[in-house]
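Summarising the annotation, TrEMBL assigns Mg(2+) binding site to 8, 372. If you look up TrEMBL, you'll see 15, 197, 198, 199, 200, 201, 272, 273, 274, 320, 321, 322, 323, 324 marked as ATP binding site. For 82, the entry in TrEMBL reads substrate binding site. Under the heading active site, proton donor/acceptor, TrEMBL lists 138. The feature site 'Transition state stabilizer' is assigned by TrEMBL to 170, 230.
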Ligand code: ADP
């Protein structure tokens, strides 16, 4: 059980990666703009050369056929599908009709993602009916959250009858980076970690002895931090205010909160942190404000997450911003003055590498580049092996 194909069918894109056991490189690709006239696929071949092909107006199914055609000369033992919302599934699952029905039933909670995952699963089941295929859920890692962390303070019936609760996302990333930091620190998955996954989507997590005890995202990936284009937490009465005073319908409000808010909404300039840091250095007030809101809310969230942990052994930065931005890391640490963190400013200059960057006093601080594909492949391998053993 060595070569694993990982597939991530997003709302308008498909990512694939073939992880080969006897090579330290990966063969991967990205099909994007699916369903538009600009659909295309690009990636890295087995010779580690770049390729790019226009796909006309290809949809998910057509793009996947092109991707699989490119991969058909390779042997792989199992396919792992990333699935954003697994409801209350606690671990990765070997895909059968029950699992497909469950992903379908959970689509109301992830209407852009779960239907796209099902297209991918359906297509690869038809192409490789005899291969074990596994669904790895972004939500599963957070199923260890205690009741007090996952209940909203709303009538309990909404949870019991409609599944309205906090689920959390980025689970494969939080699991991967905390396990990695713990291993590098010689802690064998013991102790308490705070994680800041900072990309276009961002979330924090509190992890104790390898288990998620709380996380900032909730029913959907909109809750929590200020993100690239997502608002994160707002007063829940905002919907009522906008509907009553501006006449906005639910779709308009949802679009504003998911696509027009966050760093983009405050700066009016960009959702991209690099652009905002540059603009802020040139004196752009709104870019500076967006960064300040991002950092302040992140620090508040980490402080809140600390309530879940008996002790804090370390803080981990990951995701595009967390892995690459010394500037943001330094600002976050300065915004958490009561936790005893001390940053080594030289080590903090490191980008995109596993490194411990604290100055030796207080809790550890780590940069751990995330690798969701590796974690999905690991879980896929495990589930497929278990299935073989019990067959
Ligand atoms: P996604 O959530 O889509 O996977 P990424 O994890 O790739 O996103 O993160 C994208 C974010 O990382 C962008 O806001 C980008 O500006 C930011 N980023 C990447 N490199 C840097 C850098 N050197 N400094 C600051 N931000 C960076």
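Any Cβ shown, glycine's included, is placed from N, Cα and C.
Where the annotation comes from TrEMBL, it is an automatic prediction and has not been curated.
Feature annotations (TrEMBL) mapped to structure.
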residue: 8; record: Mg(2+) binding site; CB count, 10 Å: 23
residue: 15; record: ATP binding site; CB count, 10 Å: 19
residue: 82; record: substrate binding site; CB count, 10 Å: 22
residue: 138; record: active site, proton donor/acceptor; CB count, 10 Å: 25
residue: 170; record: site 'Transition state stabilizer'; CB count, 10 Å: 30
residue: 200; record: ATP binding site; CB count, 10 Å: 16
residue: 230; record: site 'Transition state stabilizer'; CB count, 10 Å: 26
residue: 274; record: ATP binding site; CB count, 10 Å: 12
residue: 321; record: ATP binding site; CB count, 10 Å: 25
residue: 323; record: ATP binding site; CB count, 10 Å: 22
Do you know which of the binding-site residues 272, 372 has the most other C-beta atoms within 10 angstroms of its C-beta?
372
Subset of recorded positions (8, 82, 170, 198, 200, 230) lying within 10 A of residue 138 (active site, proton donor/acceptor), CA to CA, in sequence order:
82, 170
For ligand 1, list the recorded positions among 138, 198, 321 whose CB atom is within a distance below 6 Å of it, in sequence order.
321
Which of these binding-site residues is closest to residue 230 (site 'Transition state stabilizer') if you go by CA atoms: 8, 198, 274?
198
Would you give the longest CA-CA distance, in whole angstrom, between residues of 15, 197, 198, 199, 200, 201, 272, 273, 274, 320, 321, 322, 323, 324, the set recorded as binding ATP?
24
Distance check, please: Cα of residue 272 (ATP binding site) against Cα of residue 170 (site 'Transition state stabilizer'), rounded to an integer number of angstrom.
19
Residue 15 (ATP binding site) as reference: those recorded positions from 8, 170, 372 with C-alpha within 10 Å of it:
8
Residue 82 (substrate binding site) - helix vs strand vs coil (DSSP):
strand
Going by Cα-Cα distance, which of the recorded positions (170, 198, 321) sits nearest to residue 82 (substrate binding site)?
170
Test of understanding: give the count of other CB atoms lying within 10 angstroms of the CB of residue 198 (ATP binding site).
27
Looking only at C-alpha atoms, tell me how far residue 274 (ATP binding site) is from residue 170 (site 'Transition state stabilizer'), rounded to the nearest Å.
22
DSSP three-state assignment (helix, strand or coil) for residue 272 (ATP binding site):
coil
